[in-house]
Amino acid sequence: GCLGDKCDYNNGCCSGYVCSRTWKWCVLAGP
């Protein structure tokens with residue numbers, strides 16, 4: 001998933017995004 005898509009530890013995100021443990025959706029990866 002990309003920005004705002006739901007995710008979890010077993011469901012990754014698009015390149016450049018990471019799964020937020022807090023909100024359980026994809027957010028921009030930090031530096």
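Cβ coordinates are placed from backbone N, Cα and C, and glycine is handled just like the others.
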(Q) Taking Swiss-Prot as the reference, CYS2 is linked by a disulphide to which residue in CYS14, CYS19? (A) CYS14
Q. Between CYS19 (disulfide bond) and CYS26 (disulfide bond), what is the CA-CA distance rounded to a whole number of Å?
A. 4
Q. Between CYS7 (disulfide bond) and CYS26 (disulfide bond), how far is it from one CA atom to the other, in Å?
A. 6
Q) CYS26 (disulfide bond) to CYS2 (disulfide bond): how many Å between their Cα atoms? A) 6
Q | Local backbone state of CYS13 (disulfide bond), from DSSP in three classes | A | coil
Q | Distant-in-sequence Cβ neighbours of CYS13 (disulfide bond), under 8 Å, six or more positions away | A | GLY1, CYS2, ASP5, CYS7, CYS19, CYS26
